[in-house]
Amino acid sequence: MNTSDLKQEFTEAFDTKPERVFFSPGRINLIGEHTDYNGGHVFPCAITIGTYGVYAPRTDTTVRMYSANIPDAGIVTFDVNDLSYDKAAGWTNYPKGMMDEIAKTGVKFDHGFDFYVHGNMPDGAGLSSSASIELLTGIMLNTGFNLGISQLDLVKIGQKCENNYVGVNSGIMDQFAVGMGKKDQAILLDTNTMDYSYAPVKLGNNVIVIMNTNKRRELADSKYNERRSECEEALRRLQTKLDIKSLGDLTNDQFDEAAYLINDETLIKRARHAVFENQRAIRATKALADDDLTTFGELVTASHVSLHFDYEVTGKELDTLAETAWKQPGVLGARMTGAGFGGCGIAIVDKDQVDAFKENVGKVYRDTIGYDADFYIAEIADGPKEL
């Protein structure tokens, strides 16, 4: 999307002149899934598909928002002095929640604005459209109101918006991946300490293919909160004998020795995924740094197997994509990415095999599921910026 088209769309929506244009990426997670709320490591990166926003200040205290992706919602209007949650406000609760969380830090919004949003992420694909719009709003407010909030603080405000305002008990990964993204680099983040480092994603002759199930998933309505509470209960039982703060504190061997304390087969499976996936994320980062792409791919695949058997968040659509991908020539590894229950998977595929990969996996998916999957090459992007 180019800025002149976006500005034209803004003018058509609001019948006024736009002032600034911003972009905020989506994200994929290479490995380390459902570990961010268990004190583990994640290894995500921002991607070049995401959300564009066009902004113009107003002289009154009215805020008007319009999304090209949800035209039926029309122009949603509220006042800067009333930032209370309103279910009927739909998608605008994400930017409104960011305003509310920023206002709690003592910021006073002294004027309103018009905000036009246009995303090019597939709908419901699990590429973090909510974190993308939160951090888009963050950079827009930070710039438009000259707030001087650090990018890391905007990331934390984004998570608060999701948890406290929207009501989804998510970890920090999505906002961190979107907000702190760097071109061609993934981020190894320790969610226990918030220590992070950047790692170049050097895949040789391979590319990351995003595989979209085209099965919608709503994070708030999924079993996400259930899995989180299962892990919290498993941790509580382990803490009766172990001095640990999170499941991410344990090695695989330590977990195996102590698993009897959990005394519930389902809870053991959930916790085992969190512990083993954390170790996989650490090992995968090292493998990538060592140019050991075979090991990296094997760990990516092992992640999906664990998410299927132990965490049970994959479902037929994601399993069909991953399991079919594993059988294709030139594939190093494949897995679901994101919360699961639909959304997207990723595969590490030899560039020269991508066309055959899309055709073969696409055919099996269509024959098995009854509708098409979509495939895109992921390009790793910078975090939010003004265009």
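Every residue, even glycine, has its Cβ placed from backbone N, Cα and C.
When other Cβ atoms within 10 Å of the Cβ of Arg27 (site 'Transition state stabilizer') are tallied across all protein chains shown, the result is 32. Residues annotated as site 'Transition state stabilizer' in Swiss-Prot: Arg27.
Secondary structure at Tyr224 (substrate binding site), taken from DSSP and collapsed to helix, strand or coil, is helix. If you look up Swiss-Prot, you'll see Glu33, His34, Thr35, Asp36, Tyr224 marked as substrate binding site, on the strength of sequence analysis.
Per Swiss-Prot, the feature ATP binding site maps to Ser67, Gly124, Ala125, Gly126, Leu127, Ser128, Ser129, Ser130; the stated evidence is sequence analysis. Under the DSSP three-state reduction, Leu127 (ATP binding site) is assigned to coil, being neither helix nor strand.
What Swiss-Prot records for Ser130, Glu162 is Mg(2+) binding site. A 10 Å cutoff on Cβ-Cβ distances gives Glu162 (Mg(2+) binding site) a total of 26 other Cβ atoms nearby, all chains included.
Swiss-Prot lists Asp174 with the feature active site, proton acceptor. Long-range Cβ proximity for Asp174 (active site, proton acceptor), meaning a same-chain Cβ under 8 A and a gap of 6 or more residues, is found for Arg27, Pro44, Ser128, Ser130, Ala131, Glu162.
Long-range Cβ neighbours of Leu127 (ATP binding site) (same chain, at least 6 residues apart, Cβ-Cβ under 8 Å): Gly26, Arg27, Ile28, Ile47, Ile49, Met121, Ile210, Gly338, Gly343, Cys344. Annotation: Glu33 carries the greatest number of neighbouring Cβ atoms among the binding-site residues Glu33, Asp36 [cut-off 10 Å, Cβ to Cβ]. Long-range C-beta contacts of Thr35 (substrate binding site), restricted to its own chain and to partners at least six residues apart, with a cutoff below 8 Å, comprise His41, Val42, Thr191, Gly248, Ala274, Glu277, Asn278, Ala281. Sequence-distant contacts (6 or more apart, same chain, Cβ under 8 Å) of His34 (substrate binding site) comprise Arg227, His273, Ala274, Glu277, Leu307, Tyr311, Val313, Ala339, Gly340. Taking the Cβ of Ser128 (ATP binding site) as centre and 10 Å as the limit, one finds 31 other Cβ atoms among all the protein chains shown. Sorted by the number of other CB atoms within 10 A, the binding-site residues Gly124, Gly126 start with Gly124, the lowest.
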